[in-house]
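**Student:** For reference, the structure I am asking about is given below.
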């Protein structure tokens, strides 16, 4: 996509990367909205159906931008000093395709896997758990294969047959996917939306209730004055952490605050102890959650690496050249190999010495992921310095498309390290939140990962735009210039390496904070020993 935007919409590398970052942020952010909407309003079947159709519409519009010359600008030639501008209509059509695909992703990504499980789940079947585990394994395997096909076969088609065919093939496949899904509609088990309380809304209610009662003078430690629902729930006082939030569950006037059946008359004024404790658990998780942003920023700006490998020798064999956009397959391969190696070989060995059922604790794995990510970016900076120097020595300073006498395989270690970083950090993070939160918040554990990727995409987009603007002030060539031989992508990678190092120090400080929590405020110390997190079975939110 970065090549398409630069070629047919005359965008700079920095602008294209920023737009793709915003697109990723929107797609991941809408996943939380889509999951909540499916749970409580639409149901999973309609969510997947609407999402698939929206994705198809977006892909057809994107295909039309390649088919209809009026929907994109003419490519710039090397002899042109001023390129044709892009009209507002052309950008509107392009962005509408992105929007439809983001909406579709927001509904399909979180709901499709659980919708499939709905078809197989039968709690009366003694083999129910084994069947579900087999389904999840096959689902994840098929998703991995799909990604590999996308970055190899589809990219090869785009490289060799052009964008008309390259965008047409995925659009046709998506049409067949929607058609097959709709044909099977009469056979599906369609679980109705829940009518129970929305957990996310409950967290907002607790925060609003605490703010509204900020001036109350009732004692915050009187257990008899706190509201519980359902009434038969365990009689436990609120924890002493963030005591100001305990005001949300204080019953000030029973006649005004409670209904005859004992429920709250206004949930925005009175919340249960369970809601307040859930909000506290979320607040406690935020510092650790914020340490994940940098690793995803590193991944999101890797589109610049595509511009680098595009100018290098990508031949594996004399007559076979790897497309520049297919190098991410090395990251996917490293991720897959590491997960299998860690799960099957390292876990049995490490668990004997660490006492952890998963070999290493979630926090340790998150730290390994942050280190691997920083190493990957630093290695990218060194490789780019060598590539740029060689391009200048060969006289290609003014020709960003010229091939440099250097193998693109130098970038394989960076992609491999980034794959290991994602494998160790992502799984560790979900398991950490799963252990920290009460059981009623299992859905939030997985949703925080999705929202974290959305926030990181937004941060990465802002960072790219800011560096591009600052480095080009005074008429200087931007670090992120589309002519990478004149720019300094290596400086940008060194900046990311420095930020990754600062983020790792911040991570170490945050780890000390979690060690200092008292026994009643964290479930990590005992939950990790009692159960293994099956993050595949988490609520789709």
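A Cβ is built for glycine as well, from the same backbone N, Cα and C atoms used for every other residue.
Values in this document were obtained by computation on a predicted structure and should not be read as measured data.
According to TrEMBL, the protein carries these features:
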{"type": "TRANSMEM", "residues": "20-41", "note": "transmembrane segment"}
{"type": "TRANSMEM", "residues": "48-68", "note": "transmembrane segment"}
{"type": "TRANSMEM", "residues": "88-117", "note": "transmembrane segment"}
{"type": "TRANSMEM", "residues": "138-157", "note": "transmembrane segment"}
{"type": "TRANSMEM", "residues": "169-189", "note": "transmembrane segment"}
{"type": "TRANSMEM", "residues": "324-342", "note": "transmembrane segment"}
{"type": "TRANSMEM", "residues": "363-382", "note": "transmembrane segment"}
{"type": "TRANSMEM", "residues": "449-471", "note": "transmembrane segment"}
{"type": "TRANSMEM", "residues": "491-514", "note": "transmembrane segment"}
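Map the listed features onto the structure and describe their local environment.
**Tutor:** Remote same-chain partners of the transmembrane segment (20-41), defined as residues 6 or more beyond its termini with a Cβ less than 8 Å from a stretch Cβ, comprise 1-2, 5, 47, 51, 98-99, 101-103, 105-111, 193-195, 198, 200, 300-301, 303, 443, 447, 450-451, 453-455, 457-458, 460-461, 464, 539-541.
Long-range contacts of the transmembrane segment (88-117) within the same chain, counting only residues at least 6 positions beyond its ends with a Cβ under 8 Å from a Cβ of the stretch, are 9, 23, 26-27, 29-35, 37-38, 44-45, 47-48, 50-59, 61-62, 64-65, 70-73, 132, 135-136, 139, 188, 450, 539-541.
Counting only same-chain residues 6+ beyond the ends of the transmembrane segment (169-189), those with a CB under 8 A from a CB of the stretch are 45, 48-49, 52-53, 55-56, 59-60, 62-63, 115, 118-119, 150, 154, 157.
Residues of the same chain lying 6 or more positions beyond the ends of the transmembrane segment (324-342) and with a Cβ under 8 Å from any Cβ of it are 3, 144, 147-148, 151-152, 155-156, 158-159, 302, 305-307, 309-310, 314, 359, 408, 411-412, 415-420, 422-424, 427.
Residues 288, 291-292, 294-295, 298-299, 305, 411, 413-415, 417-418, 420-429, 432, 490-491, 493-494, 496-497, 500-501, 503-504, 507-508, 511, 514 of the same chain, all 6+ positions outside the transmembrane segment (363-382), place their C-beta atoms under 8 angstroms from a C-beta of that stretch.
Cβ atoms under 8 Å from those of the transmembrane segment (449-471) belong to residues 12, 14-15, 17-19, 21-22, 24-29, 31-32, 110, 289, 292-297, 299-301, 426, 429-430, 433, 478-480, 488, 491-492, 495 of the same chain, restricted to positions at least 6 beyond its ends.
Within its own chain, the transmembrane segment (491-514) has Cβ neighbours under 8 Å at 287-288, 290-291, 293-295, 297-298, 301, 304, 363, 366-367, 370-371, 373-374, 377-378, 380-381, 384, 467, 471, 479-480, 522, 524, counting only residues six or more beyond its boundaries.
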**Student:** How about long-range neighbours of the transmembrane segment (138-157): same chain, 6 or more residues beyond its ends, C-beta under 8 Å?
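**Tutor:** Here the qualifying positions are 113, 116, 165-166, 169-170, 323, 325-326, 328-329, 332, 336, 536.
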